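Since the structure comes first, as C-alpha cells, the remarks are kept for the end.
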Amino acid sequence: MVDVNDVIHANEKAQIDFAQMLLPEGIRRDNNKMYEEVEIPPNEPMPIGFEEKAVFVSELDEIGQLVFKGMKRLNRIQSIVFETAYNTNENLLICAPTGAGKTNIAMLTILHEIRQHLQPGGVIRKDQFKIVYVAPMKALAAEMTNYFSKRLEPLGIAVKELTGDMQLTKGEILRTQMLVTTPEKWDVVTRKSVGDVALSQVVRLLILDEVHLLHEDRGPVLESLVARTLRQVESTQSMIRILGLSATLPNYLDVATFLHVNPFIGLFYFDSRFRPVPLGQSFVGIKTTNKVQQLHDMEEVCYEKVLKQIKAGHQVMVFVHARNSTVRTAMSLIEMAKNRGELSFFQVDQGADYGQCEKQIQRSRNKQMREMFPDGFGIHHAGMLRQDRSLMESMFSRGYLKVLVCTATLAWGVNLPAHAVIIKGTNIYDAKRGTLVDLGILDVMQIFGRAGRPQFDKYGEGTIITTHDKLSHYLTLLTQQNPIESQFQQSLADNLNAEIALGTVTNVDEAVRWLSYTYLYVRMRANPLAYGINHKAYQMDPQLELYRKELVVESGRKLDKARMIRFDERTGYFASTDLGRTASHFYIKYNTIESFNELFNAQNTEADVLSIVSKAEEFEQIKVRVQEEDADGKSSVQILCGSHHTNAARIMRALFEMALRKRWPAMTYRLLNLCKVMDKRLWGWAHPLRQFNTLPASALARMEDKNLTIDKLRDMGKDEIGHMLHHVNIGLKVKQCVHQIPAILLESSIQPITRTVLRVRLSITPDFRWNDQVHGSVGEPWWLWVEDPINDHIYHSEYFLLQKKQVVSGEPQQVVFTIPIFEPMPSQYYIRAVSDRWLGSEAVCIINFQHLILPERHPPHTELLDLQPLPITALGNREYESLYKFTHYNPIQTQIFHTLYHTDTNVLLGAPTGSGKTIAAEMAIFRVFNMYPTSKVVYIAPLKALVRERIEDWKIRIEEKLGRKVVELTGDNTPDMRAIAQADLIVTTPEKWDGVSRSWQNRSYVQKVAILIIDEIHLLGEDRGPVLEVIVSRTNFISSHTSKTVRVVGLSTALANARDLADWLGIGQVGLFNFRPSVRPVPLEVHIQGFPGQHYCPRMATMNKPVFQAIRTHSPAKPVLIFVSSRRQTRLTALDLIAFLATEDDPKQWLHQDEREMTDIIATIRESNLKLTLAFGIGMHHAGLHERDRKTVEELFVNCKIQVLIATSTLAWGVNFPAHLVIVKGTEYYDGKTRRYVDYPITDVLQMMGRAGRPQFDDQGKAVILVHDIKKDFYKKFLYEPFPVESSLLSVLSDHLNAEIAAGTVTSKQDAMDYITWTYFFRRLVMNPSYYNLDDISHETINKYLSNLVERSLRDLECSYCMEIQQDEQTIEPLTYGRISSYYYLKHQTIRMFKERLKPELPVHELLAILSLPCSDYGTDTKTVLDNAIRICQAMLDVVANEGWLVSALSLCNLVQMIIQARWLHDSSLLTLPHIQKQELYVFRRWSSRGVRAGCGHQGPIEGLPELIAACDGKEDIFTSMVKEVLQPNQISQ
C-alpha cells in the first residue's frame, strides 16, 4: 500500500536537503550580528558564437514581415531558435530567463502553423486548425490576448480569451483560430467528451507558458493536459505540436522527456548570461528568531537598501505579501526617513507638469495615496480601484514616484520595470494549509524579472530579505540547483476520475499506461527516493509498473468509495458513474464530493445548501480578517456567496445535476433556482424584470411594493402600467420586457401502453417575443421533468432547447416520452418546465389520472411442450425433404407442425427472432401446394430487403427444385400481368399488395389467393402498420363476398396482447402460438448501458470506446454486428474503432484473412472509407453503398474473413446473417419529417438483438444496448417483457377509406362505419380506450366516437376533391381524383396539392418543383425519390389529362422519359447506354466508317442512338472498336 501523503512529505524533505551548495564565482559575503548577506554580481553577457547570426525581419516571407512589422530584427535567443521554430514541426522546450523574448518564439511557431494552412493565392484555411496558448494566470491571459490580437490582425486570425472570466459560445469558439486560456479552463474543456467537431480534434499547436509551474500546486493540471494531448496524438494519429516555455531550470532534460521533445533538435537552454539586462542578486538572512525583532530588522535592512538605490539615482519597487502591508511598509519607510532627516532624497524635483499630476492624485478617494505622494512614495495592490492602480503605474513610469510598495500582482499583470526590486519577507499566508508558507520560486523569479529596464540600465538589482534559516533555500532555488519535482500524486484521484469519465481510461492497465505520460513518471524514475520508492524496489521494477499499479488501485478504491466510479478489482475495470461525470465536468474535487455524499439529502433547505457549498474544498483560500472576529471561515463563504462567487455557481450546478440524477423534485427545483440566483446575482424573491438592465430601479422597486407579478403585468395595458408606476412613458418599455421573459404553454396527452407504462405526448408552445439582444441568436434552454408530488420522485427528466425559429414562428415543439404508473393509481403527476437561465420563467402542466382506463391484463404465453423433435420425413414428400439440410425440426417447429401442415385454420405464431419462423411459413405453403394446386400463395414481408432475401432463397429452392413459379412484386420489380397470373407464389411488400388488391373485382388472380402469409405482423403498431391492417380487413371482406376462405398466417416476435390479434384474425384456441421471448434456440445475454448528454452527436461519440471494450470483453474473436442509425455513423464509428485498434499490439486482430488476398479484394471496392476499414477487418453496410461493394462485405462477414460489421438498422430486417455479439449503438434516428431525433420502435431493437447468437456455433448470444440514460428504464422493461401492439390506423384512415370508396366497396357512411369494425383498430379501441383518446366504453360513446371519426375522414377527402357526399347526406360518390389517388397509391393531400398547383402550360422545371414538394425530406436519398417519382408523375399526368391541358401533359411525358433514361431532354440519347458519361461522347462524334468494311449503314459522326444502331448494323466488333479506349471489357459486354 502507498500512502500518498507520506510520499508528498518525503518529497518535500528530499527537495530541501542541500548539503553541498555550489555558488557562482565572484560572490561577496557579509556576516554581521543582525544579518548575513550573500551578493551575486551580475553576469557578463555570453560572447557571441562563431556561427550565430541575427535574423532580420526583412529576410522573412510575406506573412512573417506582416506580423513582425515595426521590428528590425529578432533578438539573439529568437535568432538561435528561429530555424527550428519557424521551419520545422518539432516539439520545443525553450528555457530562458524572464524578459528574454520568449513570446516572440511562440509567435514563430504560430506563424509556422498558419503557413501550413496557406493556399495558393494567399488564402488561409481558418477552419482547419486551432492554436491554444496556456498562460498561468488570468491577468497574463488577458495581456497575451491583446498582444497576439494586435500582431495577428493583418492575417485576419481571430484571437480570443477563454478563462473563468471570459466564456465563449460554441459559435465564437468555431470562428476563433487562437485561444488563450488558463490550465484549469483548458482542462475543463478537454474533459468534456469529444463531439464531432470537437475543439480538441482541430488543435494543431499547444503552447504552454511557464512550464516550471510543474513544481507548484497547479502542476498536476499541466501534467494531465500534456498526458491527454500526447495520448490523443497517438490514438488519432494527427499531429499536435507542443511548445513549452519556461524559466531556466536545472533538470530541463526531464521536462523535455515529459513533453516528448527531441533533445538534439527541439531543446534550447539559455542561462542567466542571456538576460537582456544582467541581474545582480543579493540575499539577506535576518538572524534573530524573535518575531517582533525580526520585523523591525527587516524594515531596517529594507530602508538601507532602498536609500542606497535612491542615492544612486534609481527607482525602487518594494514587494510585500499582503494588501495592508503595502501601506504599513510605506508609512514606516517615510517615518524612518523623517527621523533620520533623509526625506529630501525621496522627494521629487517639481517639473513642468508636476502640478497637473498632483491635481490628479488629489482627486483620488484613496487617503493614503494622497498623503504619500508628496514624499515620493506610492502603493499598489489588487484591492485598489482600477483608476488608482493605473494612476500609480503612470506616476512611477514617468518618474514622479521614487519608491513603489506593491504586492506580487504588479509583477504578474503589468509590465512595469524598475532598476531595483526588493522582496521584503518571504512568508505568505496559505489559506489551504492554514499556516504561513514560503514565497513560491515562481513569484520570486517573476519579481526579479522586473529588475532592470532594457533601454536605460546596464544591469538590474534584485534583493530578497528573508529569515536566516531560509537563506540557503532561496540561494539554491535562484541559482537553479534544485530539480523541479512533480506534485501529481496530490491530485491523482481527481485526474484519474476525469480520464475515466472521458472514457480514455477504462481499466487498471490503461491507467498505468496513462501514468507513463506524466511528469510524475519521469521524475519517479530519475529520483525514486523522493517518491517513497526504495533502491531494492526500483531495481526489481525499473519501469515502475507495479508501483504505478499500486497508485492506480489505491486511487480507484478511493473513487469507488466516494461512488464516483465503479471499480471491479477482480477484472480491473473502471466504469464512470453519474456522480463521477458530474465531478469531472464541473471540476469538483474528490474531497468535496465526499462531503456532499455525507451532507446532501432531499430535505435540505436553501440555507443548508449554501452551507454545504461553503464547506467545499474549493473555498479553502477564503480567510477571515481579524476585524471580523468570526472563528469560522465557512460563514464568511456564505456571505461572499450571497454577493457572488465563481466557484459557487459551478458547485451549485453540480449539486443540481446530482439532485436531478437522484430524482428529488423539490430539491432539483430549489437548486436550479439557486443556480440562476448565482448567475444573475439576484435573489429569487426579486422581481423577474430586474433581469433586464434597461428599466430604472425606482420603477422596479414600485412593482415589488405593489406586488405587480409578471402575470398581472401581462394582462395590463401600457398606459395602466405607466400610471401604476407614476411614470407614464415607461409603460411601453415594461410591457416589452414582460413579453420578452421566456414563457411557454404546455399541453399533454397520455396513452397507456400497458398497465404500468404510459406514453406522454407533450406539446410545448413558445409564448414570448424573441429579441436577439436579450436571448442571443440560438435558443433558450429549458429543463423538463415529471414529478410525483406525493412520493417526491422524478419519473422522467430531459433538457430541451427552444430554437429561435420556433419562437419566432410560434410553432409548437413535440416531446414524447414514457413514464411508469403504479397501482393504486395516483390522482395526478406534474410536468414542470423551468428555464435554465431566467428566474421566474417556468410552466406546470398537470397529468390527471381520473378518467384513465388502463388496458386489460394480458393472457399468459403458450408453454413450450417437451416433445420429441419431429423428423422432416413427417412432410411425407421426398421433394420437400430434399430442400432442408437438417434432419429434425426444432422444438417450436415440432409443436406447430400439425396445425400448419394438416389443417386450414388461421395461425398466429409469436416466437423470438431466430427460432425458424420462415420454415413454419414453408409448412403452410406446402399445404397449399398439396391441397389447392391451382391457387396462389401471397407472402408479405415489410421491407424490400426481406422480399429480396426470400426471392433469392425461394427462386432456387421452390422454383428450380419444385418447379413452382415464384414472382417478386415490389416497387423495384413489377412483372407483367401474365407472369403474375401464372405465379404460384407471390412475394411482395404491404404497400404493393394493398395497391394491387384495391381493385380486386377486376383482378382475377387476387381472388385466387388461398393463403396470405404476413411476416413480422407485429409491425401493425408502427408507421406502416395501417397498410397491414387494411390488407387483412380487405382479405376477410373479399372472402365474405366470394365465399372462398383465405387462410391467414401471421408471423411475429413474442407479443403481449396476442389474444386481441388472434381474435381479429379469427383464430380460436387452436391456431394461437405465442411463446415467451426466452425460448430462443440460442439463449441471449443482454447488457444495457446508459449514456448521459443532451446532444445526439457527442453522445454517439462517447459510445465508441465502450463499443470497443464490449467487443474485447464479450467477443474478442467471434463475429460482431454493430447497429447504428445513419450512414454517417457507420463511418464515424468505424474510424474511431480503427483509432483504438492502432494503440493495440496487433491492430489487425479483426482481420481473419491473408493480408495479400485482402489487398486484392480492396482493389475492387469503390467506396474509399470502406477500403480503409476492410484492411482492419471492419466492414460497413448501408443503403448508400454500391450493390457490388455491399455483396463483397456480406460475403466477407458471413465467411468470417472480417470480424466486425457496422450497419444501419435496416440490415436487422433485411439480411439474415447472425453474429455472436450484437451492439445497438444508440436507439434513436433522425426523422426527416419531424426534423428531430426519434426512438426506434421497440420491435426494431428486438429485431437487432435477435441477430445475436448463431444457432450452429454459439451456446449463447450476447447483446449490448447503448441508450440515452433517461431511456434506460424503459428499455429494461420492454426488452424482457413483450410489447403490446396497438393500431396506427387513425392517422391515415382517410387514405384507406378513399381506396375502398374508389373500389366501390364503401358507398355510404354506414359502409364506412362497418369497414372500421373489420379493423384491428376497432378491437384495440375497446381494449385500451385511453390510448385512442376515448373516455369510456359504453355502447353509445363508442358509436358517437366512430361516427365523428367517419365524418372527419370524409370531410378531409371532400376537401381533397376525392369524393362527394350526395344530397341524402348518406351516399358517397367517388371522383376522378380519388381514383387517381387510390390507383397510384398517393396520399389525398398530395392529390389536393396537384389539383391546386398544376396549371395549363407548365414547363418541365416547374413540374420538377411540384414533384419535389412531397419529397423534400429526401434531399439526400435520390434513390428513395426515384422509387416514388414515376408513380407520382403518372398521377400528375392523369390529373392534367383530366383537366385537358395538352402542354403540361406533354411536359410530363418528357419528364417521365427523362427520369427513366436518367438524362435531360436536350442531352444526347447515347447517354442512355450504361457506363457512358458526357465526357465519353467524343468517341462517337469522331467516328467515321472509313476503315470499316463497306455496306455499313451510317457514314459520318454519330450524334444519337438511331445513328449508332445503323452504324453498328448488329455487329458487336464495330461497337467495341468505338468504345474500347474509354470502357473496360466487362463494361462493354454489359
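From the backbone N, Cα and C atoms, a Cβ is placed for every residue, glycine too.
Within the listed segments 209-212, 525-528, 1501-1504, Swiss-Prot records motif 'DEVH box' for the stretch 209-212. Among the residue ranges 127-130, 291-294, 711-714, 1015-1018, the one that Swiss-Prot annotates as motif 'DEIH box' is 1015-1018.
DSSP states for the motif 'DEIH box' (1015-1018), grouped as helix (H, G, I), strand (E, B) and coil, give 2 helix, 0 strand, 2 coil. Sorting the motif 'DEVH box' (209-212) by DSSP state (H, G, I as helix; E, B as strand; all else coil) yields 2 helix, 0 strand, 2 coil. Nonlocal intrachain contacts for the motif 'DEVH box' (209-212), taken as residues 6+ away from its ends with a CB within less than 8 angstroms of a stretch CB, comprise 93, 102, 106, 133-136, 140, 144, 222, 244-247, 249, 255, 259, 441-442, 484. Using a Cβ-Cβ cut-off under 8 Å and counting only residues 6 or more beyond its ends in the same chain, the motif 'DEIH box' (1015-1018) has close neighbours at 908, 910, 917, 921, 939-942, 946, 1028, 1050-1053, 1055, 1061, 1213, 1243, 1247, 1283, 1285. A 10 Å cutoff on Cβ-Cβ distances gives Thr913 (ATP binding site) a total of 24 other Cβ atoms nearby, all chains included. Taking each Cβ in turn and tallying the other Cβ atoms within 10 Å, the top scorer among the binding-site residues Ala96, Ala100, Ala911 is Ala911. As a quick check, the domain 'Helicase ATP-binding 1' (83-267) and the domain 'Helicase C-terminal 2' (1106-1313) clear the bar of 3 or more Cβ pairs under 8 A, pairs 6 or more apart, so the two touch. In the three-state DSSP reading, Thr98 (ATP binding site) counts as coil. Spatially close to Ser915 (ATP binding site) yet at least six residues away along the chain are Asn890, Ile892, Phe1075, Val1079, Arg1080, Pro1081, judged by Cβ distances under 8 angstroms.
Secondary structure at Lys917 (ATP binding site), taken from DSSP and collapsed to helix, strand or coil, is helix.
Just so you know, the Cβ of Thr98 (ATP binding site) picks up 20 other Cβ atoms within 10 Å once every protein chain is counted.
Over all protein chains present, the Cβ of Lys917 (ATP binding site) has 23 other Cβ atoms lying within 10 Å. Sequence-distant contacts (6 or more apart, same chain, Cβ under 8 Å) of Lys102 (ATP binding site) comprise Ile77, Ile94, Ala96, Asp209, Leu245. Under DSSP, Ala911 (ATP binding site) is assigned to coil, being neither helix nor strand in the three-state scheme.
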